[in-house]
Amino acid sequence: MENSEGVKIESTVVTEEPLISALDIALFVVIITVAYFWYFKRDKQSSSSEKKPYTIQPSSLSSIEQTSNSSFIKKLKSTGRSLVVFYGSQTGTAEEFAGRIAKEGARYKMKGMVADPEECDMADLVEMKEIQKSLAIFCIATYGEGDPTDNAMDFYEWLQNGDADLEGLNYAVFGLGNKTYEHYNEIAIYIDQRLEELGATRVHEIGLGDDDANIEDDFVSWKEKLWESVCSHYGIEETGEESNIRQYKLVDCSEVLPERIFSGEISRLKSYENQRFPFDVKNPYLSKIAVNRELHKSGDRSCMHIEFDIDGSKMRYDTGDHVAVYPKNSSELVDKIGELLNADLDAVFSLLNTDEESSKKHPFPCPCTYRTALTYYLDITSNPRTHIMKELIEYASDPKDQEKLKLMASSTPEGKKEFHEWILRDNRNIVHILEDLPSVKPDLDHLCELLPRLQCRYYSISSSPKVYPKSIHITAVLVNYTTPTNRVNKGVATNLLAQLIPTNDELPQPTIPIYIRRSQFRLPPKSQTPIIMIGPGAGLAPFRGFIQERDYARKEGREIGEMVLYFGCRKKDEDFIYENELQEYVANGTLTKLHLAFSRDQPEKKYVTHLLEQNADELWNIIGEKSGHLYVCGDARSMAKDVHSIIVKVVMEKGQMTNSQALNYVKKMEQQKRYSADVWS
């Protein structure tokens, strides 16, 4: 038999012998009895825990909050709703879009609710047909290299592996993606097609949002046509009501005890004071900054080498993984909002969902001060979307400011043009808007409801756990730029990191919350497999870890394959990062070849792509004749695309293939994980 942990327990056969005493038998019976009760008590506890799985609930002071029911069908029926909007979100945008659709449903006599597929039993979709004039909408982002978001993974796998009969389910899908990535909106497209295959009825054609262009425009245009299709499909008419209904109500928490007030924790109150393993997106580890040094030798730009101390945390990472860093907004911007709105930033408040059936009781951890919300929980540096413009209209006392907001909130060509130029092109954030439209004075609690959540930032880990098991290294470029309105915008995370400089051992070291995100960007299983790495600038980061790992294997006496690195930067004497390390790896034989491109050290620009074209024979020898692996890290918009084109061209010429055959060859490399990309736009 097996115990609750699945470990086999072998029964012991006791052979009677005349020498055994009555006392021995009595002791034996006692031991067996104790073991019996101990085992079944554990088994009962285990069974109990299986029936009621542990879930992390949003932290709250309110007693209203209870464990959410996974049956969204029951919630729809009990509250007289017919519209459910699911979201697959990694950064919060899909969740925001889902909320806007659910809110608008009231205009079409469709009371809606927003649902996280991770918290729902998605098999209940088969029961949607029991609700009259029901509709399921999916706002689904594609993450990484064609992967579902974390919270949509189970739903995606359910669709892949199941064969549920979804006849009677009416649905529509909006995808969030980025055209600079190869797998553009792949997950949304799959879900849209798979739902139809399972018998569901598509009420409106799929919408594909491109975050590289203007995803807000894509969404608004799709949403308008969606409601036209909904009206036609169900034979309903728009009520014409466009009132701004608050999703959350303000609760005064001035009497709440200080120990019950959030001060920046992501989920659990006092989680930074009482750290508990495991650490993840809802429970980050407060890591000390062990090293923070400048990598650039000169010039006006900055690239930082930062080491996070994870000693004693039980955190483990693999070479190629990412580390998520939770930033905070600058006090200067936070104070500016307080000044512009004449608000007491230290007042303690809570925002409570007006929908009592919603599993999301608060937009962020509550109660807290306005200062905490604006510093740790809300994104005040990105470009606000059009729905925020719409909500701000009622707070404008100047007719000119009011008309400007109305125009930018509209879907007319003139409105879209104004929004694109004044918000996107001029790169205005909410602080800039309040500065440039001085009559707009929104209630601070309403503004906190409208602003999106501040998201963690992901960095490729630039170290190997074989060499640095107690620390995580990153390579981060400091982001600072001047906007068309002559304002200086600063990267939230990198500018915070730049300030976290370790001091001597006698003083407390600076800390920052982090967690590890797994990646598919992996070295080949066999150390003998040859690899090519292409990583200009900070794209070198994961390859530093790759090289460290292969160097470790070499020092252990294992055979390692060829390692070819293509690295590029502007000037050798200015931004050639990790130069000494790389030269040492070349000298000891770990790095077979180091191809360098310094774009501004000669009259004509020279990039890594030029070197790739020059070394076609070497490329084909490794990826074609030796079945090696190829890795790309860096800019997705141009560099990664150019590299892909060059690889296809090399395969055509050196492999003597047609264009179609070469594309299929490269596609097969990707499927076999022999061609991997870790890119950003």
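Glycine is no exception: its Cβ is also placed from the backbone N, Cα and C atoms.
Features as listed in TrEMBL:
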- 89-94, 141-144, 176-185, ASP211: FMN binding site (BINDING)
- ARG301, SER599, ARG600, LYS605, LYS606, TYR607, VAL608, THR609, ASP642: NADP(+) binding site (BINDING)
- ARG457, TYR458, TYR459, SER460, THR475, ALA476, VAL477, TYR481, GLY491, VAL492, ALA493, THR494, TRP680: FAD binding site (BINDING)
- 83-227: domain 'Flavodoxin-like' (DOMAIN)
- 282-524: domain 'FAD-binding FR-type' (DOMAIN)
- 20-39: transmembrane segment (TRANSMEM)
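Positions of the features from TrEMBL, shown on the structure.
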residue	record	Cβ contacts under 8 Å, 6 or more apart
GLY92	FMN binding site	PRO452, ARG453, GLN455
GLY144	FMN binding site	SER519, GLN520
TYR181	FMN binding site	THR142, GLU145, GLY146, ALA636, VAL679, SER681
TYR184	FMN binding site	THR142, GLY177, ASN178, LEU208, ASP210
TYR459	FAD binding site	HIS322, VAL323, VAL325, ILE474, THR475, ALA476, ALA541
ALA493	FAD binding site	VAL325, PRO327, ARG457, ALA476
LYS606	NADP(+) binding site	GLY568, ALA597, PHE598, SER599
ASP642	NADP(+) binding site	THR609
TRP680	FAD binding site	GLY634, ASP635, ALA636
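Nearest Cα neighbour of VAL477 (FAD binding site) among the listed binding-site residues (SER89, ALA141, ARG301, ARG600, VAL608): ARG301. Residue with the densest Cβ environment among the binding-site residues ALA141, VAL477, VAL608: ALA141, by other Cβ atoms within 10 Å.
A 10 Å cutoff on Cβ-Cβ distances gives SER89 (FMN binding site) a total of 22 other Cβ atoms nearby, all chains included.
Local packing around the Cβ, expressed as the count of other Cβ atoms within 10 angstroms, is greatest for ASN178 among the binding-site residues ASN178, ARG301, GLY491, ARG600. Counting other Cβ atoms within 10 Å of each Cβ, the binding-site residues ARG457, THR475 show the lowest value at ARG457. Taken through DSSP, the domain 'Flavodoxin-like' (83-227) splits into 65 helix, 35 strand, 45 coil. Note on proximity: of the binding-site residues SER89, ALA141, GLY491, the one nearest ARG600 (NADP(+) binding site) is GLY491, by Cα distance. Among the binding-site residues listed (ARG301, GLY491, VAL608), GLY491 has its Cα nearest to the Cα of SER89 (FMN binding site). Residue pair ARG301 (NADP(+) binding site) / ALA141 (FMN binding site) shows a Cα separation of 33 Å.
If you measure from the Cα atom of GLY491 (FAD binding site) to that of ALA141 (FMN binding site), you get 24 Å.
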